[in-house]
Amino acid sequence: MRYGTIVNDVSTDHNTSDSARRLSHRRRSSVVPTEKLMAMRPYNGDHEALIDSDDDDASVASAQAGVKRLEVIASTWSKSSLYVAYFGICMLAYATSLEGQTTVNLTIYATSAFSAHSNVATVMVVQGVVLSVVKPPMSKLADVFGRFEAFTLSVFIFSIGYIQQAASHNVETYAAAQIFYAAGSTGLQILIQIFIADTSDLVNRALCSTLPAMPFLINVWIGAPLAETLLRRASWRWGYGIWAVILPIAYLPLALALFINQRKAAAKGILPPSPLQGRGYWQAIKHLWLELDVFGLVLICAGFSLLLIPLSLISDGDWNNHGLLAMLVIGALCLAVFPFWERSKTFAPRAFFPGSLFKKRTVLAGFAISFFYFMTYYLSVYPYFQSYLLVVQSQSIASAGQIVQMWTFAATITSFLVSLAIKYTKHYKYFITTGACINLLGLILMHTFRVEGASVAVLAGTTALVGVGGGMLNVPAQLGVQASASHQEVAAATAIFLTFLEVGGATGSAISGAIWSANVPHKLALYLPVETQDQATAIYKNITLASSEWQMGDPTRVAINRAYQETMSKTLWVAVCVAVPVILLSFLMENYKLDEIEQHVTGVVIGVDTDTAPRSRSAGHGASLPRRVSTDSALGESEPMLSPGRSAQVRRGSKDS
C-alpha cells in the first residue's frame, strides 16, 4: 500500500510514465508526498492554496468549513494514524452490527411488555422516518463542522437512545426513543462511509466500503442467541442498556485518531476556523438555517411522519377518524410543497435535493428501484415475519431470529461478490435486472411455501433467495445513480438514493402494519372458539400470550395460527406486486462503464492508482476526465490494500477498475 496526498495538477510532467505523458495536455490528478505538498503549498487561510483545479474552482470556493477542515487534517495523516482510524471503524462496525442483530429480537418483547405488540410497525415507521430524514442534516453537519465533531455527536445521540429505550415505561416513551436511536444509528452509518471515501482512492474504495458489513456474517448467528440469553438471565431492558457503555468504548480508537490529527493540523496553523467564528448570534442562526436547509428538512420530516405513522395506525373502523385523515392530508401537502421549496434559489440556496438530478432518467429509475426494493423487504421480512415464526411455526426465539437474518446473511455475501464482479466487468445494469428477477422469484416462492408446517430449510431458503436478489440489485442501482451525476452531484445523489431507500422501507412497514391491524383482530374474533373469544384483544396485543399460552393443536392455537397465516399471505401478495416494477425500472437505467466515474480525494489515502490511465469521462456529461496517475516515481507499485468490507445499511456504490 502507498500513501500520498492527492492534488490536481494542470502542468505537464515529462518524467512520468508513458501513459501519463499521453495525458500531458489534459487535466489530471497527481499523487505527491504529503510533506512535499506542505512545503510547496503552505496554508495561508485560503483553501484554494491546497487544491488548484480549473474544473473544480466553483466547488472549492463553495466548500463548507467542515470539508476544508477535513482536507487539511488529511494532510497530517501517517500510515499508523490511518491504521488506528480504520481499526476504530472496524470496532464501531462490529459493535453496531452486534447491537442491531441483538436488539431487533427485543422489539416485540418491549412492545408486548406495554401490551402494544400491534404497534411494532409504528415503532418501525418512526425508525424509518428518522433514518430517512437524518441523513441529509448529519452529512451537512459533517461538512459544516467537521468529521470528528459529527462522529462524536452521533455516538452521543445513539447512547441517549439506548438509555431512553432501556428506561421506557410505556410504548410512547419507547417510540420516542427511536428518534434518538435512529438518528445516532444513521449518523454513524453515513459518517463511516464518508470517512472511507475521504481516505481511499477509487480503485480501493469499493472494497474498503464493504468493511462495515463484514461483521454481519458472524453476528447474524450470534445476535438471536445473545438476545435469548439476555431475556432469560436479565431482561429486555438490559438488552438495550449495555450498548450505552459498549458503543462509546468502541468509538475511542477512531475518536483519538481524529482528535490527535486535528490537533496536529491546528499546531501547524493550517486548520480552518469554526464556521461560526466571527458571526453574531443572528448571523450564526441564519448561516446554519441556509447551510442545513432547515425548513426543507422540516417539510420532508413532517410530510413522511404525518403520512406514514397514521397509515400504520389505521384499521378497518378507523378510516372515519378525522384526526388521522387530517394528518394524512397535511403530510401529503408537506411533501407536495417540498419540491417547490428546494427549487427556490432564494429560500434554499443550499438545497439538499439538486433539481438537475431529477431530470435524468437513470437517476429517477435508480431512486424508484431503491424505494420499491426496500418496500418489499419490509413487507416480506420485517416487522412481522418473526412474530409469524414464533406463533405459526412455533420456533424458538433463537431459531426465529436466525431464519429472519438469513436475508442479511445472503444479501451481504451477494453484495460483496457482485462488487468484485463489477470491479472487473465494469458494468452494472445486468446485475440489477438479474437481481430484480431473483427477488421477485423469491417472493413468489415465499408466498407459496411460507405455510404452517413448512420446514426450517424451506423458510430459511426462500428468505435467503430474496436476500440474494436484494444484494445483487441494490449496489449496482446506486452505482448507476452515481454514474449519472456530475462530480458536484455525486454526494447528493448518493444521499438521495439512501433516503429513498429508507422511505421505501418506512412505507413498506406502514403498509404491513395497516394490513396486520386490519386483519388479525378481525380474524381472531372470527376464528377463536367461544371459550377464548373474550381474549381476542389480549392475544392480538401480546406475542408471548399468542405463542406460548396454548399448545399446538389446541382449538385456540389453531385459530390464532390461521389468523396469522392468512394475514401473512396477504402481506406477501402485496410484496410480490411491489417487486414487479423493479424489473421494469431496471431497463430504464443506462449501462455505463463504471471505470469512467471520477472522484477526487485529498491527503494521505489508502491505495494509489499506478495503472495505465485510459481516456475517461464523467458518465452522462461527456467531459474528458482522465484517471488519477502517479507523478512521483518514488512511490513505485501499489501494495495490497486494507481488508475489504461493505455496509449492508448504508451502501455506497463508487467502483473503479
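Yeah, the Cβs are placed from backbone N, Cα and C, and that goes for glycine too.
No curator has checked TrEMBL annotations; they are predicted automatically.
Worth saying up front: this structure is predicted, and the values here are computed from it rather than measured.
The transmembrane segment feature in TrEMBL is assigned to 77-96, 108-132, 144-163, 175-195, 202-222, 242-260, 288-311, 362-385, 397-418, 430-449, 455-475, 571-589 (among others). Here TrEMBL flags 81-593 as domain 'Major facilitator superfamily (MFS) profile'. Under the heading region 'Disordered', TrEMBL lists 614-657.
Only sequence-distant pairs (6 or more apart) were considered; of these, at least three Cβ pairs between the transmembrane segment (430-449) and the transmembrane segment (362-385) are under 8 A, so the stretches are in contact.
At the 8 Å Cβ cutoff, the transmembrane segment (175-195) and the transmembrane segment (571-589) share fewer than 3 close pairs (sequence separation 6 or more) and do not count as touching.
When Cβ-Cβ distances under 8 Å to the transmembrane segment (571-589) are tallied for each of 77-96, 362-385, 397-418, the top count falls to 362-385. Residues 107, 120-121, 123-124, 128, 404, 407, 432, 436, 439, 443, 446, 463, 466, 470, 473-474, 477-478, 480-481, 483-485, 493, 496-498, 500-509, 511-513, 516, 568, 571-572, 574-575, 578-579, 581-582, 585-586, 588-590, 592, 620 of the same chain lie 6 or more positions beyond the ends of the transmembrane segment (362-385) yet place their CB under 8 Å from a CB of it.
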